[in-house]
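Undergrad: For reference, the structure I am asking about is given below.
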Amino acid sequence: MENSYKPFPKAAPVQPDRRFLLSRLSHLIALGFGSGLSRVAPGTVGTLWAWIAFLLIDRLGQPGDLGWALIIGLTLLAGWWASVATVRRTGVADPGYIVIDEVVAFWLVLWLAAPVGFWGQFWAFLLFRYFDAAKPGPVRWADQAFKGWGWRGGWGIMFDDLVAAACTLFVIAFWRWL
């Protein structure tokens, strides 16, 4: 079954542009509503977009804990689906321009670390980016655990960022405990 999800054959992987982004809902979601198109540090740009979106949703909608649990859970599922579809289209197994994983994981960090002010969120941002980019220990394991195409590859894209979020939350909890 896994082999039926191989990417579309093409001479070279697709480098997404604005037209690609807007061609399908899955691409719009996977590329973080355009933040993944950044040529420089798309993961960082996607995480910044997640931070801004979190603040807007939290202040304007005031979803509360149940609301955030639903938003994050549904975005995780939509992100998994969008990642699978975008990977199939581009022919790249875990491309940097898919940033919905950063969005979901950083929303989880901001939600579970609350209440924190700007500086607390700033340090959470730096910690999360460190764990996501450097991939120490458990994050590296998570990054390697689910590779491939189809549902497995889509889950792998999301999973290492969730582990990076867990590591970030562990450090924050330890810091608060001190």
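Cβ atoms here come from the backbone N, Cα and C positions, even for glycine.
Copying in the features that TrEMBL gives for the protein in this structure:
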DOMAIN    29-173  domain 'YutG/PgpA'
TRANSMEM  28-54  transmembrane segment
TRANSMEM  66-84  transmembrane segment
TRANSMEM  104-128  transmembrane segment
TRANSMEM  149-175  transmembrane segment
Undergrad: Near the transmembrane segment (28-54), which residues from the same chain, at least 6 beyond its ends, have a CB less than 8 A from one of its CBs?
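TA: The answer is 16-18, 21-22, 78-79, 81-83, 85-86, 96-100, 102-104, 106-107, 110-111, 121, 125, 128-129, 132-133.
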Undergrad: Counting only residues 6+ away from its ends, which parts of the chain sit with a Cβ under 8 Å from the transmembrane segment (104-128)?
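TA: Residues 47-48, 50-51, 53-54, 65, 68, 71-72, 75-76, 79, 158, 161-162, 164-165, 167-169, 171-172.
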Undergrad: What average pLDDT is reported by the model for the domain 'YutG/PgpA' (29-173)?
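TA: Per the prediction, mean pLDDT sits at 94 for the domain 'YutG/PgpA' (29-173).
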